Amino acid sequence: MSPSPPPPVATIPSVVLSVLTAVSSFRTDDEGDPAQPSKWRQRIVQFDVSHNAMALAFFAFTATLNIATRIGFPIALSTFFFILSSFVLALCLTLTAIRTIIYPDAIRQDFGNPRLINFFFLPAIIAPIVLLTLPPPIRMYNVSQALFYVFFVYQLALSLHTYGQWLHVSNPVASVYPLLFMQTIAFFLLSILASTLNLTDQAVFLLVPGILFWLVIFVTVFQHMTPALKSARQSPNPIFFLFLAPPAQATIAILTLQAARLGPMSNMPPQFLRLPSPLPWTIHSEIALYVDLFIYALLLRLLPTWLDQSFSVVWWAYVFPMSGAASAIILRYEAHPTLFWKILASVALAMAASALLIVSLLTLRGAWRGDFPKNAGCQTAYLRHYMNLNEKKAYANMSSSSFSSFSSSVTEEV
C-alpha cells in the first residue's frame, strides 16, 4: 500500500491572497441585500487620496509649535502634538490601505484625476515635516538622510511626470487649479530637510525648481482661474488658501539654507545642522515673507465669501498654509522682537490653531453623521465595480453548476 501524499503546504503568496480575498469579501450579518456592498465599505471607498490632507494639517501645526519653542513655547506641547499627529497619520494610512484592498482600482482612478493627482505629492510633503519634527532623542542622521534621498527621487519623478502631462494636456483649462501648488511645496520642504542635514548642494537644487514652478503656477492659476471655475461650474473655495503655502515654505527654506552655508565646514563629519537663533535673514527671505503676508491679507479679504459653504474635505486646506505662514512670521519675530511682529506672530498662531480646532470638530461631526468622507464619484464607480463583480461570480457559479449537472448525468448513463 503506497503511503498517502503529504498535505499541501500553503505558501506565503497563497496565504496573503487568501487573507486579502477574505477581507475584500467580508460582509456583516446585518446586511440584507447581497447585491449592495456594506455601508462601511461604501464609506471607506470614498476616503480618496485627498483626505490624507488631515495628517498634513496636523503635522504642519506641529511644525509651527516646534518653531514656536524658539521663542519660549513649551517643548511638551510640541511633543504632544507630534504624538497626536502620528496617530492621525496612522489612521489615514490604515484607511487608505483598507480602501486599496476593498477597491484596488481606486488608486488608479485617483491618479488619473487631474486634481486628485496633486495629492500624490503628499508623501514628499509630509515626510520632511515628520523628520523635522521628530523629538531629538529619536532622530538619527543616517536614517533621515536615506529617507531624504528616497523622497527626493519620488518628488523628482512625479514632478517630471505631471509637468510633462501638463505641457501636453488636451484641456489645460480643466487642470488649472490651486491644487497645482502642491507640486512645488514639496521642493521647499525637502530643501529645508536637506539644509538641516547639511546637504547644501541638494538644498539649492530643490529650491530652484520650487521657485521656478511656483512662479509659473502662480501666474497661470491667477490668470486662468475664472475660466476654469466657470467651465466646472464651481465657485472659489478654501483650496485658494494654497496660494499662501509656497512663499511661506520658501521663506523658511531660504533661511535654513543660509544658516547651513554659514554653518560648519564641509570637512566635518555628517551631523544635523544646529540652527542659530535667530536665523540669518537676507533680502531674498524678506521678499518671500512679504509676498506671503500680502497674499494672506488678500485671502482674509475673501474669507467671508467662503464661510457660507457647506463643510467638506477642502476645508482642511485652511490649516497647512496658515500654519506655514505662522511659522515664517514667528521666525521673523525671533529676529526682530518688536511689538508689531509679536502681535502678528500671536495672531497668526492663534488663527492656525483655531482653524485646526474648528475643522477637526467639523470633521468629527461629519463622520458621526455619515457625511464624511464623501466622494460621490468614487462611490458610484465602486458600486458599478461591485455589480460587475457579482455578475461575473453569478456567471461562474452558473457555469460550474451546469458542468456539475452534465457530469452527473454522464456518470449515471455510464
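Count begins at 1; order follows the chain as displayed.
Cβ coordinates come from backbone N, Cα and C, glycine included.
The feature transmembrane segment is assigned by TrEMBL to 49-68, 80-104, 116-134, 146-164, 176-197, 204-226, 238-260, 287-307, 313-331, 343-364.
Of the candidate ranges 146-164, 176-197, 313-331, 343-364, 176-197 has the most C-beta pairs within less than 8 angstroms of the transmembrane segment (116-134). The stretch in 287-307, 313-331, 343-364 that contributes the largest number of Cβ pairs under 8 Å to the transmembrane segment (238-260) is 313-331. Nonlocal intrachain contacts for the transmembrane segment (313-331), taken as residues 6+ away from its ends with a CB within less than 8 angstroms of a stretch CB, comprise 50-51, 53-54, 56-58, 60-61, 63-64, 67-68, 70-71, 237-245, 248-249, 251-252, 255, 278-279, 288-289, 292-293, 296, 341, 344-345, 348-349, 351-352, 355-356, 359, 362-363, 372-374.
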